[in-house]
Amino acid sequence: MTAALQRRVRPLLHGGSHSAADLAVGAAAVAVAARYFAVLFVNAPGYAGVPVSPGLATGVSTVVVAAAAIAVAVTDADPRTGIGLLFTGVFGLLSLLSSAAALPAAVAIVLGTATVAAVAGRQLDVVSAAAVALLVAALSIGLASGVGGWTGLRPAASTVALLGIASTPAFAAADWRSLSTADWGAVIGGVAAFAVVLSVGRAVPFVTGAVTLTGTGVVGTSLPVIALAAAGAVTTASAASRTRRWPLLAGVALVAFAGVPASLPRALPFALGIATLTVQGGTQ
């Protein structure tokens, strides 16, 4: 079915399939970031009832991300990764229509993402492949702790998700074994982010806890792990921006703003982010 869709869609794009897919992923990243800030804004002290609905923002972002996954699926050169992304996008949309679809959607998202990781991940070096495995594990544990009802796994899910985000610089490195090719500007930005988050977290722990809980769904994780995730995300985003690798920037934004994938609205962008990072890591 995916191969048939690809044959029908690609001629309509006149060779611009990669550009269309990149735009779709970029739009998904913007939608997830908007949801993140909408949730923080509504829960901020002094909120005066400005008409910002977190529920609406979450619903819209879920639709945009699911549509982006489907768009990438029908334009991907490999039908196997296309099938994985198609499962992710379609079941993500179905989860909005009925709560009964939540568990099947969770299973489909994990299996679809694992398929993409297994197929596209063959082009990765060992460090990037380990980062993909960590992110897929975070997705699986997160959904098990939330949709699966194994609430005791939630602290572990938070920690693994944050460590997965911290590992994303592996996808930006041209050669992780060579210090001469390192983007030291991006590394310095990551170190600064680590120091800032650690300092702010120690100065105002309750505010930091509230922000990480409402914004990213983090529960039961130590402050250094949170700071490490911030450092990884900033390093990857900075490297992607400096080299104009916009799909890589969108990929790290998706996993970072999605946070702990314990719910379907968080798991869907996290899954698309994994797929994007895996493909980008294989083409660096």
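Positions of Cβ are set from backbone N, Cα and C atoms, glycine also.
Copied over from TrEMBL, here are the features:
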type     : residues : note
DOMAIN   : 24-278   : domain 'DUF8068'
TRANSMEM : 21-42    : transmembrane segment
TRANSMEM : 54-74    : transmembrane segment
TRANSMEM : 127-150  : transmembrane segment
TRANSMEM : 156-174  : transmembrane segment
TRANSMEM : 186-204  : transmembrane segment
TRANSMEM : 210-234  : transmembrane segment
TRANSMEM : 246-264  : transmembrane segment
Rank 21-42, 127-150, 186-204 by Cβ pairs under 8 Å to the transmembrane segment (246-264) and hand me the top one.
21-42
Using a Cβ cut-off of under 8 Å, list the residues of the same chain at least 6 residues beyond the transmembrane segment (156-174) that approach it.
127-128, 130-131, 134-135, 137-138, 141-142, 144-146, 181-183, 186, 190, 217-222, 225-226, 228-229, 231-233, 235-236, 239-240, 243, 245, 248, 251-252, 255-256, 259-262, 270, 277-278, 280-281, 284
Mean pLDDT for the domain 'DUF8068' (24-278), as a whole number?
89
